[in-house]
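> So TrEMBL has the following annotated:
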type	residues	note
TRANSMEM	36-57	transmembrane segment
TRANSMEM	69-85	transmembrane segment
TRANSMEM	91-112	transmembrane segment
TRANSMEM	133-155	transmembrane segment
TRANSMEM	161-178	transmembrane segment
TRANSMEM	217-242	transmembrane segment
TRANSMEM	248-268	transmembrane segment
TRANSMEM	280-299	transmembrane segment
TRANSMEM	305-323	transmembrane segment
TRANSMEM	343-364	transmembrane segment
TRANSMEM	370-391	transmembrane segment
Amino acid sequence: MRNVSKLLVAQGLSVFAFRAFQIVFAWTCLSQTGSGGFLASIVGISWLVNLVAMPLAGHYVDRSGGKRALTVSIFVSLLCTFLFLCDSEYFGLHVGLAAAALILTAAADCVISIAPNSMIPRLVTGEHVTRCVGYAASINAFQSVVGAVVGGVIMGFLGTNAALTILVGMLSVALLSATSMKWSPAPVEDVTSIESPYAAMLKGFAALASIVPERSLCMMAIVSNFVLTPLVSIVVPVFVRLILRAPVAYLATAELGIGIGMICGTIAAPRLISRGVSRLALVLGGNLMAAACVCLVAFLSSLVVQVAMVGSIGFGVALNNVARGSLRGHATPDKIRGRLEAAVFACCIASIPLGSWIFGLFATEATVGYLRWAILCAGMVMLLSSAVLVFSKQTRSALTTSDHDLNGFYAKNYPNAFR
């Protein structure tokens, strides 16, 4: 468990630093250029790089075994942040260099995000896999909120250079934690010589298409990301500012409620599984809870009830994420787990721009009156996504299988997915 603790420390500090770096970059870019269009373009490019780099990151994690990929990625993030700091401190800050640093750190973040779920099943066994995957999911789920707080607070009180110095310190500690981790898992089968690197890189997508439970759960995850990411980043701020006419403290309370709900869900899910609650119950219950709360939250007037609703959204999403992630950790062969994880991440990320664009249509003074109905429709779409569990017997079978019987489950039931 000590090695897993080091892994989670490295992951947590790295992803929190990356999200904080995004805040620092956004503020610096707007201060230097005054152009929101330039900022949007760079952020859009960084998301595109993140999406394209996912399959490569999964292949790298599988081939290197995990630790090397994680260490190199943290080092790249540290180097980019350090160069950004030096440029700001001594040369007056060039926005082009800052943009290049953001794009490179976005690529490195791909590896840092998927490595833990691929590495944890090789470090621990049994019920510890579910618990540790839950911790990793909690870090990934909470990274945007923590990163925004860290980046905004330290930059607001200490300034840009001090903020970058703290981020360099965080990444340095993350690098030390990753390099000190003992890593001696069972050998991972190499990609065969007759398989091209391109084919090997995309093998995770082929496996995702062939494994019915993963395909069904990925469809639910795509719908969830399509709805919830724009909900948190666009809809909630617009709802607070333009409909409720409430102060920023209201927005902070809502975001904090989502984060607390996610933390509670990631703590509760492993305990429920260890006590005999099936993953099917967690996935179905979590999705229905989140969807119902999305439908209700826009039509409630009480602040306390609204915060409880957004907290319940976070709780339901966390139950869902832990159940899916621990299933993948137990059932997937070591040699392809990273690429399958990357394929799922890439599909989820790909849904975010479309969701953001659709919800962005309701983010103006002219259309905001329809925002409540847009939120209601989004919640109904999430509810309907649960139908994949009703119609997929193979998915229900996988989600009700015990941890012990899940070992080798995909290799046994879907052998063609790994050829």
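Including glycine, each Cβ sits where the backbone N, Cα and C put it.
Computed from a predicted structure; not experimentally measured.
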> I need to check the long-range neighbours of the transmembrane segment (69-85): which residues 6 or more away from its ends have a CB within less than 8 Å of a CB in the stretch?
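Distant Cβ neighbours of the transmembrane segment (69-85) are 7, 10-11, 14, 17-18, 21, 57, 60-61, 97-98, 100-102, 104-105, 107-112, 115, 119, 161, 164-165, 167-168, 171-172, 174-175, 178-179.
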> Verify whether three or more Cβ pairs under 8 angstroms connect the transmembrane segment (91-112) with the transmembrane segment (217-242), leaving out any pair fewer than 6 apart in sequence.
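The answer is no, given that the two segments have fewer than 3 Cβ pairs within the 8 Å cut-off.
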> When you look at the transmembrane segment (305-323) alongside the transmembrane segment (248-268), do they share 3+ Cβ pairs under 8 Å, ignoring any pair fewer than 6 residues apart in sequence?
yes
> Give the nonlocal contacts of the transmembrane segment (305-323) in its own chain as ranges (CB under 8 Å, at least six residues past its ends).
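Cβ under 8 Å, 6 or more out: 130, 133-134, 137-138, 141, 220-221, 224, 228, 236, 253-254, 257-266, 268-270, 272-273, 279, 282-283, 285-291, 293-294, 296-297, 399.
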